[in-house]
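Annotation source TrEMBL lists active site at LYS11, ASP150. According to TrEMBL, the feature domain 'GHMP kinase N-terminal' maps to 75-155. If you look up TrEMBL, you'll see PRO108, VAL109, ALA110, SER111, GLY112, ILE113, GLY114, GLY115, GLY116, SER117, ALA118 marked as ATP binding site. The domain 'GHMP kinase C-terminal' annotation in TrEMBL covers 212-285.
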Amino acid sequence: MSPLHELAHAKINLYLHVTGRRPADGYHLLDSLAVFAGAADRLELTAGSGRGGRVTLDIRGRFAAGLGGDDRADNLIVRAGAVLRELVGADAARHLPDVAVVLHKELPVASGIGGGSADAAAALRLLLRVWKLDVPRAALMALATRLGADVPVCLDQRAARMEGIGEELTPAPILPPCGMMLVNCGESVSTPQVFRTRAPVFTPRAVLPPQWHALADMVRDLSAQTNDLQDAACALCPEITTVLSALRAAPGCRLARMSGSGATCFALFDSPAAARAAQDAVQRAGWWVWAGDLCRNGGNPAVGADSIPA
Ligand SMILES: C[C@@](CO)(OP(=O)(O)O)[C@H](O)COP(=O)(O)OP(=O)(O)OC[C@H]1O[C@@H](n2ccc(N)nc2=O)[C@H](O)[C@@H]1O
Ligand SMILES: Nc1ncnc2c1ncn2[C@@H]1O[C@H](COP(=O)(O)OP(=O)(O)O)[C@@H](O)[C@H]1O
């Protein structure tokens, strides 16, 4: 059988408000607009002849070393296989084909763009296909949430508003044409540490229109919103401030901000071409720079339906 392929796109938080805390576990409640950039990891899955639904993983690509070590059990791709086997039950899992996955890791690790979550979601999409499973959408979303708060939004890879801890998804405003640049300085930032370091204040949820017709409208609204984790991340990793200054000085930049808990920052431009044209002005030694378009309309209509077709 020839390999199946999936792209795991970078998730960008255009704004991120911390609106409260969950009493049960202290997790922070968020209001965030997540969009997906063309930048992506690539997954390749080949089914083997063995049975039992085992998932083996080989990691290659620019950021493979960031996921070092030979023990793959903790990798979100392998864990996606484990939660799906658990869902179908031990008896049925015995008959599932073993699979070999190759992850081409092209997104920086632990960098606020949800690469691990996107990989987990891509693995779920591939496993549902190769194992011919028909899982109702609600069950799939619950399973994705167990893997991480960002995994549900990565299943569809469609722009969405995220609330709760990320698992409450509603459609995003229709986005205007624009281009995006992403810059990561090479330092990973710890998400729990950023949450711990932030000032203990909350921001109300944003008011969003159903559509932004032009980039200027979206930039005007986003300018009134914030990433509430940015100051804490800059305090922990001062180079983020340098990245933001470089993006703001780039020709054609309309807005620059950090994504998620950092350290990756994004900038918006009038078009993908304008973003690409500004790339050289921003590039510094050791920085990862990507420029291009957003994913539009989502890449996975199969998981947009009520259930996953076999
Ligand atoms: C901040 C966001 C925004 O999209 O993105 P990233 O920076 O990860 O891309 C996410 O909410 C990241 O969610 P997730 O990826 O599940 O975070 P994890 O690494 O599992 O969280 C690690 C720790 O951060 C804290 N945490 C995380 C999420 C949240 N809503 N409240 C929290 O308090 C908790 O202490 C948790 O144990
Ligand atoms: N396939 C994977 N890709 C990236 N990180 C992974 C993966 N599997 C497990 N992880 C772990 O998940 C953590 C968060 O990674 P990632 O999703 O890249 O962060 P972020 O959401 O901040 O961009 C990392 O500390 C990493 O060790």
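Glycine too: its Cβ is placed from the backbone N, Cα and C atoms.
Put simply, of the binding-site residues PRO108, ALA110, GLY114, GLY116, ALA118, the one whose Cα is nearest the Cα of LYS11 (active site) is GLY114.
In this structure, ALA110, GLY114 are the recorded positions from LYS11, PRO108, ALA110, GLY114, ALA118 whose C-beta falls under 6 Å of some atom of ligand 2. Same-chain residues that are not part of PRO108, VAL109, ALA110, SER111, GLY112, ILE113, GLY114, GLY115, GLY116, SER117, ALA118 yet have a Cβ within 8 Å of the Cβ center of the ATP site turn out to be ALA10, LYS11, LEU107, GLY260, THR264. Taking a Cβ distance under 6 Å to any atom of ligand 1 as the criterion, the binding-site residues ALA110, GLY112, ALA118 reduce to GLY112. Around PRO108 (ATP binding site), a 10 Å sphere centred on its CB holds 24 further CB atoms from the protein chains shown. For the binding-site residues ALA110, ALA118, counting C-beta atoms within 10 A of each C-beta gives the highest total at ALA118. For the pair ALA118 (ATP binding site) and ASP150 (active site), the Cα-Cα distance reads 8 Å. ASP150 (active site) has a Cβ environment of 26 other Cβ atoms inside 10 Å.
Highest Cβ count within 10 Å among the binding-site residues GLY112, GLY116: GLY112.
Under the three-state DSSP scheme, GLY112 (ATP binding site) falls in the coil class. The number of other Cβ atoms within 10 Å of the Cβ belonging to GLY114 (ATP binding site), over all protein chains shown, comes to 29.
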